[in-house]
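Here the structure is laid out as structure tokens; the discussion comes afterwards.
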Amino acid sequence: MCKSISEREMGMYERIKTEEEGGVCDGVGNADDLEIAAAKVPTPTSVSLCIVGRSVLAPEHRQKNDSRLVSLDVFRGLSVALMILVDDAGGLIPAINHSPWDGVTLADFVMPFFLFIVGVSLGLAYKKLEDRLVATRKALLRALKLFLLGLFLQGGYFHPLGNLTYGLDVGRIRVMGILQRIAVAYVLAALSEIWLTKHVAVKSKSSMATRYWSQWVMVICLSAIYMLLLYGLTVTDWEYQIPFEASSYQKLYKVKCGVRGDTGPACNVVGMIDRNLLGIHHLYKRPIYSRTKDCSINSPNYGPLPPNAPPWCLAPFDPEGLLSSVMAVVTCLVGLHFGHIIIHFKDHKDRTSHWVIASSCLLLVGLALSFLGMPVNKPLYTLSYMSVTAGAAGLLFTTIYLMVDVIGIRWATKVLEWMGKHALTIYVLAASNLLPIILQGFYWRYPGNNILSLIGIRKS
């Protein structure tokens, strides 16, 4: 009846019984047509989730035992497929790998897509809510478990391929990461939906704005805080030592800044906040900017330092840091708005027109900000980057919705739909390299002669 978190996050729908049919759901209100909106965050922990949401498909498109929003499954599966593609092929095809700093490539759309999907799912999941305190407790618990899972998978406990050791010094664990960022965005978006939604019946566009105006104030406030900190704080000089492992000698690097509003790799506020609040030992130790021309002779790939490389090239930097996660929350809130449109507008034309207009406006805002000098930058998660990627996510979701849920062309997306339904398992085993790490432990005579070497997979 209630789905576990291992099969949810980013919007799964499955028919559950109403009270009249003998169904119960942890005290959450029931109606004549109830669905479970299992929002699919990549985590294998088992947490009961049972939140009410009305079916989003027209009655004539429903099947008796299948009332899922298929387009959301397909979109989620496509995002997982893109993640695996850019992770495995990005080093061979620089055009799809993450941009070394400014600009966007295919890989730079994956994280915003997941955050957008989480937001859409929350809009569907919290359509009806009877006990805010209970919902808050469950949302906090889910976010905490997801955050801890991220620490386990991405904090450094599992070493890279080619290294048969595991475990880590907790004094140097990576605090933030992909799952940790999703957990932060998830809980803040969920709390906004639980506590900031007004009890106003939506009968028009104006009444919808009244119902959710507090959430848009939250979007404006988060964006303003981010911009004020990014461009208002002065980044002071800083230093770091390498190697971080125990060594008799550690070289000291000093980076001179003393600037304000810089969006380059060395002297940005995002890195300064993480170094001061998290500690430089707890950041990602293979920074994306080490692939820039200043730091790699093989740019845009990783490589040896060029002569006279700047001192910041080897400094840790977390692409999922604290300040950059503020704008990640905004992406999730944009997705939440798309979920609201599904709830309150039943006509396909109304839904798609709202989505296209909102997505186009976001794209135009992002491009305008870029033209005015704000770089489209994923590591910093700039406002321009958020606008461009959220707009792209909205347009792509609208396209998938039209193709799958409106026209009914499902045969062409069966594989992606399956991947979307099993996104958690695929993410943990493939995208997190857990399966390859396990497989490399089985070898013949010496560690290098393992299953991965036989099939040509050797990552460092």
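Yeah, the Cβs are placed from backbone N, Cα and C, and that goes for glycine too.
No curator has checked TrEMBL annotations; they are predicted automatically.
What you are looking at is a predicted structure, and each value in this text was computed from that prediction instead of being measured.
What TrEMBL records for 68-193 is domain 'Heparan-alpha-glucosaminide N-acetyltransferase catalytic'. Here the domain 'Heparan-alpha-glucosaminide N-acetyltransferase catalytic' (68-193) is broken down by DSSP into helix, strand and coil counts: 82 helix, 5 strand, 39 coil.
Here TrEMBL flags 345-439 as domain 'DUF418'.
Residues annotated as transmembrane segment in TrEMBL: 69-86 (among others). Here the transmembrane segment (69-86) has long-range neighbours at 10-13, 40, 56-57, 96-98, 106-107, 109-110, 113-114, 117, 120-121, 124, 342, 396-397, 400-401, 403-405, 410, 413, 415-421, 423, 426-427, 430-431, meaning same-chain residues at least 6 beyond its ends whose C-beta is under 8 angstroms from one of its own.
What TrEMBL lists as transmembrane segment is 106-127 (among others).
Here TrEMBL flags 139-158 (among others) as transmembrane segment.
The transmembrane segment annotation in TrEMBL covers 178-196 (among others).
Positions annotated as transmembrane segment by TrEMBL: 216-234 (among others). Residues 192, 196, 209, 258-261, 263, 268-270, 272-273, 323, 326-327, 329-330, 333-334, 380, 382-383 of the same chain, all 6+ positions outside the transmembrane segment (216-234), place their C-beta atoms under 8 angstroms from a C-beta of that stretch.
Listed by sequence, the residues of this chain that lie at least six past the ends of the transmembrane segment (322-343) yet keep a Cβ under 8 A from its Cβ atoms are 11, 53-54, 56, 69, 111-112, 115-124, 127, 176, 181, 184-186, 188-189, 192-193, 208, 212, 215, 218-219, 222-223, 225-226, 229-230, 269-270, 273-274, 277-278, 350-351, 354-355, 358, 362, 379-383, 385-386, 389-390, 393-394, 397. According to TrEMBL, the transmembrane segment annotation covers 322-343 (among others).
Here TrEMBL flags 355-374 (among others) as transmembrane segment.
Tertiary proximity for the transmembrane segment (380-404) is limited to same-chain residues at least six positions away from its ends with a CB under 8 Å from its CB atoms, namely 70-72, 74-75, 78, 104, 108-109, 112-113, 116-117, 120, 223, 226-227, 230, 263, 268, 270, 324-328, 330-331, 334-335, 338, 348, 351-352, 355-356, 358-367, 369-370, 374, 410, 412-413. Taken from TrEMBL, the feature transmembrane segment applies to 380-404 (among others).
TrEMBL lists 424-444 (among others) with the feature transmembrane segment.
Long-range neighbours of the transmembrane segment (355-374) within the same chain, counting only residues 6 or more positions beyond its ends whose Cβ lies under 8 Å from a Cβ of the stretch, are 263, 334, 337-338, 341, 382-395, 397-398, 401. Outside the transmembrane segment (178-196), and at least 6 residues removed from its termini, the chain residues within Cβ reach (under 8 Å) are 9, 39, 41-43, 111, 114-115, 118-119, 122-123, 126, 129, 132, 135-136, 139-140, 142-144, 146-147, 149-151, 153-154, 212, 214-215, 218, 320, 325, 328-329, 331-333, 335-336. For the domain 'DUF418' (345-439), the DSSP-based tally of helix, strand and coil residues reads 74 helix, 1 strand, 20 coil.
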